[in-house]
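Colleague: Below: one structure in C-alpha cells.
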C-alpha cells in the first residue's frame with residue numbers, strides 16, 4: 001500500500017512538472033516528501049539531501065538502537081561515509097569526548113546498536129550524524145523515553161459461555177509478554193491493548209489497556225469470524241510497540257436458529273408507528289369531544305336566573321315588569337313592617353337616668369292637643385286586622401292558664417274617650433283616698449275594662465298574678481308612672497326594616513276632676529281578668545256569685561246578642577258593672593316592669609315582650625277549663 005501511494009505521488013509530481021516546467025519541481029518534491037512522512041512516519045527524507053535520524057528505540061530498557069536515512073544522493077556516496085557519534089553525561093557534567101557508534105551491524109543497515117554495556121538509564125544521551133567530517137543531524141534523549149516493547153507472543157482464546165438464544169458467545173484471549181522484556185523481575189512494567197474486528201471489516205474495536213496478560217471479550221456472534229491482535233507499551237508512556245500476530249477466532253454455530261438472528265424484529269419502527277397512532281387517536285378524541293372536554297376543564301359560569309323571571313327582562317332593563325312578577329309571587333314579596341304593629345325588631349332610645357329625672361319622653365311628647373289612648377299592659381294593639389291566639393305553656397300542663405284570643409267587640413269612639421277620662425278620674429281618687437284604700441280587701445280589687453280602638457286587638461295575658469297586679473298598679477299609682485314610658489307606638493322605621501317605638505300617653509298629675517263620672521267596677525277576684533275575649537266556666541260562676549242581683553241600666557252597657565255563640569268581654573264587663581259602686585278600690589304600689597326585650601316571636605306579624613326581673617308574689621296557677629257557651633251563661637246568670 002505504501003508503494004502504491006509513493007508511485008501515485010510521483011505521478012502527480014510528473015504531471016505537474018509537465019504543465020509548469022522546471023519551476024514547479026522543488027515544490028512538488030517537498031509535497032511528496034510530506035506525503036511519505038504522513039504515510040510512514042519512519043521514512044523521513046531530507047529535502048536538502050543530507051542524512052537524518054528516523055527513530056531511536058529501546059525494547060526492554062536494557063539496550064537501544066538508532067536509525068537514520070542516507071539522503072537523496074545515497075547512491076553517490078561511498079559506504080561508511082556517514083558516521084554516528086554519541087556523548088553522555090556522567091554525574092553532573094557532560095563528557096567532552098565524542099565517541100563513535102560501537103555496532104553498525106546488529107540493528108541493521110543505517111543503524112547503530114547500543115548493548116547493555118553502553119546503556120545507562122536515567123542518564124541523558126546526545127547523538128549526531130556526520131558526513132565527510134561535517135555534522136548533518138543531532139538528537140538528545142534518555143533511554144526510558146524511547147522504550148517501545150516488542151509485540152506479545154503466544155496469543156490464544158478460550159470459550160467462556162454461550163447465550164441462551166445460541167446467538168452470542170463470550171471468549172477470553174490470552175498471550176505472553178515479550179520474551180526480551182524482564183517483566184517477571186519487575187524491571188519493566190507493561191500495559192497491553194487488545195483490538196478485534198470482524199473479518200472483512202476495516203475498523204478495529206479497541207479495548208481499555210490492562211496490566212494482565214488475558215482479556216475477556218463479550219457478545220461475539222457465533223456465525224462470524226473475528227481477528228484479534230495485541231500490542232504493549234511501558235506504563236505511563238504514550239508510545240506503543242509493534243502489534244502481535246493476528247489471531248483468528250471462529251465460533252461454531254451451536255443453535256440451528258442462530259441464522260434467524262440476522263432478521264431483527266423492527267422494534268424501533270413499531271414504537272415509532274405506535275406513538276404516531278396514539279397521537280392521531282388522541283387528537284381525534286379531542287376534536288370529537290371538544291365541547292365536553294371544554295366544559296370539564298373550563299366549566300361555564302352560571303347565568304344568574306330567578307325562578308319565574310325571564311333573563312331577557314333583566315338584560316333589557318325592564319324593571320317594572322320584573323317588579324310586577326315579584327309582586328305576584330308570595331316568596332318574593334317584601335314584608336312591610338310599617339303596616340303592622342307587631343314587628344320582630346325593636347329599637348329603644350335609652351336615656352340617661354339624669355335625663356329621665358328632668359323629664360320623661362311622655363312629658364315631652366304628650367300634650368292636650370295630642371291625646372292618645374292608654375295602653376293597658378294586659379292588651380296589645382293590633383292594626384293588622386288579623387286575629388292571633390297565643391297559648392304559652394306553663395309547667396307542662398295540657399292547657400294554658402288563660403286562653404287569649406282576639407275580641408270581636410267594637411266600641412264607639414265616644415265610649416273610648418269616656419273610658420280614658422274614667423281612668424284619669426280613678427287615678428286622682430286613689431291619690432286622695434290613699435289612707436282608706438289600705439283597708440280594702442285583696443279579693444275586691446277592681447278590674448278596669450277599656451276598649452281602646454275600634455280595631456280588633458290581640459290580648460296577651462300571662463298566667464301569673466304579677467302581670468295583673470302590674471296593670472292595676474300602673475293605673476292606680478300615678479307617682480310610679482312619673483318617669484316610666486310606655487313604648488306602644490311606632491315613631492320611625494329604619495332602612496333595615498326595624499321600627500322605633502315612642503312613648504304613649506300617661507296620666508297627668510294635675511287633673512283633679514273629670515267630665516265623665518262613669519266608673520266601671522268589677523267585683524270579680526284579682527285572678528279573673530275581664531279583658532279576655534273568652535273566660536272559663538269556673539271564673540264566670542265566681543264572678544256572678546259575687547255580683548249583687550241588681551240590674552242597673554247604663555248608657556254604655558251593650559246588650560247581649562243572642563246570635564253570638566260566645567260571650568264577649570265587653571258584655572260581661574257591662575253586666576258586672578251595673579251593680580258595682582262608684583268608688584275604685586285601691587291597689588298596692590308595685591314597681592312597673594319595663595317591656596324592652598322580646599320573649600317569643602309568634603309570627604312575622606306578632607311578638608311577646610319580656611318584662612324585667614321584678615319581685616313576684618306567690619304564683620297561683622289556675623286549672624284549665626273550657627269555654628262557657630251562651631245557653632250555659634244564661635242559666636248561670638241571675
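Every residue gets a Cβ built from N, Cα and C, even glycine.
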Colleague: Labelled transmembrane segment by Swiss-Prot, one stretch among 217-240, 241-264, 265-288. Can you tell me which?
Modeller: 265-288
Colleague: Of the residues 161, 432, give the one that Swiss-Prot describes as N-linked glycosylation site.
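Modeller: The residue tagged N-linked glycosylation site by Swiss-Prot is 161.
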Colleague: Tell me the Cβ contacts of residue 66 (disulfide bond) under 8 Å, same chain only and six or more apart in sequence, or just say none.
Modeller: 53, 55, 56, 57, 84, 107, 111, 112, 127, 139
Colleague: Quick one: Cα separation, residue 126 (disulfide bond) versus residue 101 (disulfide bond), in Å?
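Modeller: Cα to Cα, residue 126 (disulfide bond) and residue 101 (disulfide bond) are separated by 12 Å.
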Colleague: To which of the disulfide-bonded residues 56, 112, 126 does the lowest count of other Cβ atoms within 10 Å belong?
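Modeller: Counting other Cβ atoms within 10 Å of each of the disulfide-bonded residues 56, 112, 126, the minimum falls on 126.
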Colleague: Do you know which of the disulfide-bonded residues 101, 140 has the most other C-beta atoms within 10 angstroms of its C-beta?
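Modeller: Compared across 101, 140, the most Cβ atoms within 10 Å surround 101.
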Colleague: DSSP-wise, what's the residue breakdown of the domain 'Fibronectin type-III' (151-254) into helix, strand and coil?
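Modeller: For that range the per-state counts are 0 helix, 54 strand, 50 coil.
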Colleague: Please average pLDDT over the motif 'UbE motif' (340-349) for the predicted structure.
Modeller: 54
Colleague: Can you give me the Cα-Cα distance between residue 101 (disulfide bond) and residue 140 (disulfide bond) in Å, rounded to a whole number?
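Modeller: Rounded to a whole number, the Cα-Cα distance is 15 Å.
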